[in-house]
Each structure stands twice: as C-alpha cells, then as structure tokens.
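*Asks:* Submitted below is the structure of interest, expressed as structure tokens.
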C-alpha cells in the first residue's frame, strides 16, 4: 500500500508541471499576428487595419489617405493638377460696345455732345392734317439733340441754330441709311420739334454753367480761402 501511494503522488506532481497548449503568445490563437504561421491571426497578413496588402489606413495598394492607387490628396494619379487650373481671361473692355452716353463728346462730330433723351413736345401746326400727321409720325423724329458747350456761343439763338442743323443732319443721314426717307412735311415738323428740344437743352446747359461758375467764385474768394487754410 505504501508503494502504491508514493507512485500515485508522483504522477500528480508531474501533471502540474506540464505546460498547457494554446496559451498567450504560444502556437495557438494570437494577437497581434506575429509568430507561428499556423496561428489564427488578425489581421491575416501583417498589414495595418483594413489593409489586404499593406499601406496606410484604407489603402488597398498603398499611398496617402483616401488614395486607392497612390498620389496626393484627392488625386488618382499623383499629379497636382487639380490646384493649378489657369485663370479665366479677363474681358477686354475695348470689345464692350455701347451707345454714346448723354453729355459725352461724340467722336467724328467736331466736339459736339449728345444730350439726354427728351419727351417729344406736343406741337400744334395750325391745321388738322399736320397735327394728325405729327401725332402719327412723331416716333420717327429725334428725341436727343447734338450741341456744343454754351460758352462757345454768344447767345441762345446761335446755340439753337447750330443745334437744330447738326441734329437734323445726323438724324436724316442715319435714318436714310436704314432705308427710310423723309418728305418735306417731315423736315418741317422735325425743325419745329428739334428747335424746342434745343431750347430746352440750352436752358439746362446754361443753368449748369452758371452754377459751376458761382461755385468757382465762392471758393476763390479771400475769406473762403482763409477759412480753408485755417481748417487745414
């Protein structure tokens, strides 16, 4: 009985000293995937998280962030041509066409300016036929006049006479070029209409001219000059 007890005790001691298979960092399941090729590893082939063949995060074949096949940010082929687009050419101001502005000097007319558009005046010609003819054809007559600065004339009559002649001439030439002709009645009515418009233009220009002159006299007076010098 004593011999049997000693043999059983020895077997139990040997069992406690034997290593258990499949522990941490042994031939069993391991993490991370290093060591025995037969182990159950995750990831399976030594790459980073989500990398079948190695590379950065989310990169099937290597490259920068979010790049399936390499290259810079947001570029499939690695060339930086997304940020170097040529700027659009600026519009050439010489190619912008426009009508002559009111008050601007008209080229080719020797310093004449084009006045602002006016409403054609209501004129009575003394008989029903001409009155009716004017009402029906007034849209064919000018609503702007050509003129020179008032300081180039001695009086209103000279200004108006020159204004009427150049305006009717220019309007007739322009309209005839378009294939429309004027009768004697048209010319008579245009003279009356344009004359009234030239008188209105003279009054506007004279008022503006004298206002500019008054301002110059005011600012050139000695008290005002002294006051401005003191303020400066």
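Cβ atoms are placed via backbone N, Cα and C, with glycine included.
Quick paste of what Swiss-Prot says about this protein:
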- 1-15: signal peptide (SIGNAL)
- 46, 47: Cu(2+) 1 binding site (BINDING)
- 53, 54, 55: Cu(2+) 2 binding site (BINDING)
- 60-67: repeat '3' (REPEAT)
- 68-75: repeat '4' (REPEAT)
- 163-198: disulfide bond (DISULFID)
- 165: N-linked glycosylation site (CARBOHYD)
- 181: N-linked glycosylation site (CARBOHYD)
*Asks:* So which one is it: of the glycosylation sites 165, 181, which has the fewest other Cβ atoms within 10 Å?
*Replies:* 181
*Asks:* What are the non-local neighbours of residue 163 (disulfide bond), defined as same-chain residues 6+ apart in sequence with CB under 8 A from its CB?
*Replies:* 145, 146, 147, 194, 198, 201, 202
*Asks:* Which of the three DSSP-derived classes (helix, strand, coil) applies to residue 181 (N-linked glycosylation site)?
*Replies:* coil
*Asks:* Could you state the whole-number distance in Å separating the C-alpha atoms of residue 165 (N-linked glycosylation site) and residue 181 (N-linked glycosylation site)?
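*Replies:* Residue 181 (N-linked glycosylation site) has its Cα 18 Å from the Cα of residue 165 (N-linked glycosylation site).
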